[in-house]
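Presented below is the structure to which this report refers.
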Ligand SMILES: Nc1ncnc2c1ncn2[C@@H]1O[C@H](COP(=O)(O)OP(=O)(O)OP(=O)(O)O)[C@@H](O)[C@H]1O
């Protein structure tokens with residue numbers, strides 16, 4: 001704990017509440033976050049329905065939580081860029097596009113994980 005922390009102590013609970021409010025802000029303001037949220041509910045329902053294995057659960061949970069975490073970081077980067085400039089700037093474009101690219105890479109991975117896990121279960125239904 002440095003001197004700044006001693007003067008103005010912020011408890012673990014306060015930090016947690018700021019983090020939760022960040023998630024709420026993103027869910028309220030970001031369409032993509034709501035899409036992830038709704039997709040995640042369907043994936044979780046499917047996972048319970050097909051009684052997927054422990055290892056499959058791990059992959060599903062990594063895919064879902066990683067997607068949310070990356071989307072939160074993407075949103076934070078968008079906010080900081082907008083705070084820095086409202087003008088068109090090539091670096092602002094790069095920063096936003098790079099962050100969006102990171103989300104896209106993870107989204108493709110998540111879809112691949114979902115297909116690899118659920119396709120065999122779905123095929124078994126027929
Ligand atoms: N200040 C800026 N300068 C240059 N290009 C920008 C700037 N702000 C946004 N852009 C470009 O416009 C695109 C859309 O940006 P915008 O902030 O409108 O949406 P977004 O917040 O990235 O999208 P979403 O909210 O759906 O994730 C960015 O990906 C970037 O290419």
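A Cβ is built for glycine as well, from the same backbone N, Cα and C atoms used for every other residue.
The following features are taken from TrEMBL:
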ACT_SITE  71  active site, proton acceptor
BINDING   18, 30, 78, 87, 88, 89, 96, 97  ATP binding site
BINDING   30, 78  divalent metal cation binding site
BINDING   71  substrate binding site
TRANSMEM  35-52  transmembrane segment
TRANSMEM  58-77  transmembrane segment
TRANSMEM  98-123  transmembrane segment
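Structure coloured by features recorded in TrEMBL.
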residue : record                       : CB count, 10 Å
18      : ATP binding site             : 10
30      : ATP binding site             : 17
71      : active site, proton acceptor : 24
78      : ATP binding site             : 17
87      : ATP binding site             : 6
88      : ATP binding site             : 7
89      : ATP binding site             : 12
96      : ATP binding site             : 15
97      : ATP binding site             : 11
* Cα separation, the residue listed as 'active site, proton acceptor' to residue 97 (ATP binding site) (Å, whole number) -> 13
* recorded positions close to ligand 1 - of 18, 71, 97, only those whose C-beta is under 6 Å away -> 97
* Which state, by DSSP, holds residue 89 (ATP binding site): helix, strand or coil? -> coil
* Over all pairs in 18, 30, 78, 87, 88, 89, 96, 97, the listed ATP binding residues, work out the largest Cα-Cα distance in Å. => 31
